[in-house]
Amino acid sequence: MALKTLKDLDLKGKKVLMRADFNVPLKNGSITDDTRIQAALPTIKYILEQGGALILMSHLGRPKDGPTPEFSLKPVAERLGELLGDSVAMAPDCIGAEVEKLAAELAPGKVLLLENVRFYKEETKNDPDFAGKLAALGDVYVNDAFGTAHRAHASTEGVAKLLPSGAGYLIEKEVEAFAPLLSNPQKPMVAVIGGAKVSSKIGVLETLLPNCASLIIGGGMTYTFLKAQGYQIGNSLLEEDYLDTAKQLLQKAEAAGVEVILPVDHVVAAEFSETAAAEPVDSTDVPEGKIGMDVGPKTLDKIRPVIAGAKTVIWNGPMGVFEFKNFEAGTKAVAEMIADCGGITIVGGGDSVAATNQFNLADKMSHVSTGGGASLEFLEGRTLPGIAALEA
Ligand SMILES: Nc1ncnc2c1ncn2[C@@H]1O[C@H](COP(=O)(O)OP(=O)(O)O)[C@@H](O)[C@H]1O
Ligand SMILES: O=C(OP(=O)(O)O)[C@H](O)COP(=O)(O)O
């Protein structure tokens, strides 16, 4: 798959519209891990050095009700300004007359960050009119949002059809890093899947099965699977609509001879809060009224030999609510097992990468990817719409 890249674009004096994945973890309005911003810097600097005026766009989180301050990209503009040593202008919106004026007046070498594109539902619907309004802001389009390349959205896919386009350095680097895994994965391969995006990732698991010897499921994913098997899950995270999918996946894994490891004990809390007390539960069932927040020690004992025996480990999704000190132990232990396993280790996803950094293990992983869902889909051999749109 040959991609059009930055080198195929004439950037000098141009308004360069660039899609980045600035969906960074935030706590009380502050960025807790800026890996995704750092990862976009090589492309950003190249565009500025070439004399482009850079208009950046991204989503942040999954806002449901239009513009909401907690999903504003303002903290990203500030952090990016610090990293570049030059102020980054923050647009009040991502489309409209005021934004058009700011974009038109943007000087070469300067940066304007548009407000969260997901403040418009047209973004995720890949609405052509909305894509047209975004495209009108630039002369050329660069996509460097690997973490969002699995989404066919207006800013990742729609705009690419409307402007001369190319992939940024991050997309190029990620695609290269995954190439050996696609062509020649070292086996046995083990997938460790957790986190909170059950509906996004549960479908991907099925396609991972043929290549995996074992599938380890933890984090918020756990409870949809446990409930599907008839266990009690208390008030834990559940995506009710995916109970059947979970049941079918377990049946398919059994038929394919793939070992599935699910938590057999938990650390629970009475409420989802940083200050909640950690209560160990030595049972697969979660007591009524409690929330499963982390995997327990017996689960870790089951996971340990499986990861130690792997030649390739793919990890996406924390094993628990690692952002809260009382519930970080499971994620930390599994991250350490992966870092020490001696095989090829791929960590992907905004929060999994944040966890890897929190435990100072990034240097011990073979590849730390800015994409979680994107890397899983890419590894399955699926065409990522954001990348397909950049094919030469
Ligand atoms: N048991 C759990 N209940 C609720 N949320 C959880 C649980 N375990 C992990 N999480 C949350 O999952 C989030 C990360 O999920 P996800 O976005 O799928 O991962 P990534 O960003 O690495 O792809 C984290 O914020 C973490 O707190
Ligand atoms: O954080 C992201 O994905 P990830 O959690 O799978 O790494 C991307 O920014 C995509 O976000 P989305 O899953 O809301 O489309």
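Cβ atoms here come from the backbone N, Cα and C positions, even for glycine.
Predicted automatically and left uncurated, TrEMBL annotations should be read as such.
Same-site candidate for ATP binding, as annotated by TrEMBL with LYS201, GLY292, GLY349, GLY350, ASP351, SER352, chosen from GLU172, GLU174, GLU323, GLU380: GLU323. Apart from the site residues ARG36, ARG118, ARG151, the chain places the Cβ of ASP21, PHE22, ASN23, SER58, HIS59, LEU60, ALA145, GLY147, THR148, HIS153, THR156 no farther than 8 Å from the centroid of the site's Cβ atoms, the recorded (2R)-3-phosphoglycerate location. Ligand 1 lies within reach of ASP351 from the binding-site residues ARG36, HIS59, ARG118, ASP351, judged by a C-beta closer than 6 angstroms to any of its atoms. Listed binding-site residues: GLU323, ASP351; maximum Cβ neighbour count within 10 Å falls on ASP351. Within 10 Å of ASN23 (substrate binding site), judged by CA to CA distance, lie the following binding-site residues from the set ARG36, LYS201, GLY292, GLU323, GLY350, SER352: ARG36, GLY350.
In sequence order, ASP21, PHE22, ASN23, ASN116, VAL117, ARG118, GLU123, THR148, HIS153, SER155 make up the list of same-chain residues 6 or more apart from HIS59 (substrate binding site) whose Cβ falls under 8 Å from its Cβ.
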